Amino acid sequence: MESTLKELSNGGGVEDMYGEDRATEDQTITPWTFSVASGYSLLRDPHYNKGLAFTDAERDAHYLRGLLPPSVSNQELQEKKVMHNLRLYQVPLQRYMAMMDLQERNERLFYKLLIDNVEELLPVVYTPTVGEACQKYGSIFKRPQGLFISLKEKGKILEVLKNWPEKSIQVIVVTDGERILGLGDLGCQGMGIPVGKLSLYTALGGVRPSVCLPITIDVGTNNQQLLDDEFYIGLKQKRARGQEYAELLEEFMSAVKQNYGEKVLIQFEDFANHNAFELLAKYRTTHLVFNDDIQGTASVVLAGLIASLKLLGGTLADHTFLFLGAGEAGTGIAELIALEITKKTSVPLEVARKKIWLVDSKGLIVSSRVESLQHFKKPWAHDHEPVKELIDAVKAIKPTVLIGTSGVGKTFTKEVVEAMASLNPKPLVMALSNPTSQAECTAEEAYTWSKGHAIFASGSPFDPFEFEGRTFVSGQANNAYIFPGFGLGIIMSGTIRVHDDILLAASEALAAEVTEDDYLKGRIYPPFTNIRKISAHIAAEVAAKAYELGLATHLPRPKDLVKYAESCMYTPVYRHYR
């Protein structure tokens, strides 16, 4: 068992077949593919390519003479050059494409760049730019970055999984592309989301890229614009529903477990509401599954709420929450808030839910509507007269916290924000919908309309805003705070199921990372510059809770889980080749 832990502590939680991660940075390693990579093939292998950073000795040993200019560089200089070139681009999509090209050319330089410049590059490789990339994915597609499993592969999914070159997979992010961010059904072009999420698992959480697998399940699309597009890369048919859809997903889930084992983490991403809830409910007791839209969003928002109590005062149970949006994100957040209130006060869950109100497209969710509600909305139908408009719901419910998960931009109007400010000395306004164009309001609007009294957080980033001589730095309730560290904690502990208490532990760990300096700036999330440290602490708390619940299988439990998490994290510095 000791030798197992030794391997895990240096290999990012997965067997290190070639000894690459057991080597120190100054030791030599062998650049294996299926054989020793050399010459032209070595320069075309993103896992080992270093470009001009190959030393003279390495160029001689691996037949690279003449294939590279004579200059020998280093990773730091390469990083400086790439950042200079990226900053010359005026269009965010051009930066995204340049970063994807780098990832496919030089994997370690890509992750080094992302880690060292995370606040600048996170909006490039993920929201908001990834939304535009998905919309245009058919036009910018060059080479596969993950697996595409369509209805054509029904009955052969296990064979398809075996086509992927890496065999020791520990994290899968899968989408069917039906609800990409706030952009709707993008079909097969939703692949940009799993690719982006997994790059963050590595950069922010230290999960080795070789154990990550992006997957898109293509069952068609109901987006007529895509169906009419000659460059669309997916199945040109309407979406499969019902039994056909369920059978394909069942085969996929079974094949994943058969091929990769019990402890592969499957993250559902951007499924439509009806499928998201059903898939999570169906597989959470038989597979290691996690829905980032329901559980990840809930965990990161709860962390912000816990942190905000230092500014708002009181406990969660003392506050009243009003949501605009009652889909995956809204109901997921609401349920985790209620669970946290129950945990802290010991009141029944049904009582805790009474502090939380939701507004959907038909108005306030109240008990008189219960017969017509979808099942996941029914727990939130409280006794109250019907209210149609959000502004009237604010005036009636008098919330201290307003949370937007509607996917519809500009819905927190001036009247709504002013009403929140009139009811509360420090109203908490969270406009969480992505991308930026779909945000319920901007940071500038929230601060201006509340006359600087609001505490504001959003799903996509906003620049600092100066109001009446004070600079406000808004928080970003980005799931990237949670899922990378959460995933690392699951992997390093060998956890076999995701329990709600593990999500609560992740939220509390993130909230604990907010400093007094952050509070002074009005932010309820820490800066992303410290994200690797934050992820290690989240991973440690996730693992600790898994061990406490008896769900962890990597035994014995390490004494110092934070140090253990840090030792498991992938670092993208160049290695020296024999």
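Including glycine, each Cβ sits where the backbone N, Cα and C put it.
From a predicted model like this one, the values you see are computed outputs, not experimental measurements.
Here is what TrEMBL records for this protein:
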ACT_SITE  Tyr126  active site, proton donor
ACT_SITE  Lys197  active site, proton acceptor
BINDING   Arg179, Asn434, Asn478  (S)-malate binding site
BINDING   Glu269, Asp270, Asp293  divalent metal cation binding site
DOMAIN    103-284  domain 'Malic enzyme N-terminal'
DOMAIN    294-547  domain 'Malic enzyme NAD-binding'
Any idea what the Cα distance is from Asn478 ((S)-malate binding site) over to Tyr126 (active site, proton donor), rounded to a whole Å? 10
Integer mean pLDDT for the domain 'Malic enzyme N-terminal' (103-284): 95
Are there any residues at least 6 positions away along the chain from Asp293 (divalent metal cation binding site) with a Cβ closer than 8 Å to its Cβ? List them or say none. Arg179, Phe268, Glu269, Asp270, Phe271, Ala276, Glu328, Ala329, Gly332
How big is the Cα-to-Cα gap, in Å, between the residue listed as 'active site, proton donor' and Lys197 (active site, proton acceptor)? 7
Could you state the CA-to-CA distance between Asn434 ((S)-malate binding site) and Lys197 (active site, proton acceptor) to the nearest Å? 15
Span of Arg179, Asn434, Asn478 around (S)-malate - largest C-alpha separation, Å: 18
With a radius of 8 angstroms around the mean position of the C-beta atoms of Glu269, Asp270, Asp293, what other residues of the same chain does the divalent metal cation site pick up? Thr175, Arg179, Ile180, Ile193, Phe268, Phe271, Ala276, Asn291, Asp292, Glu328
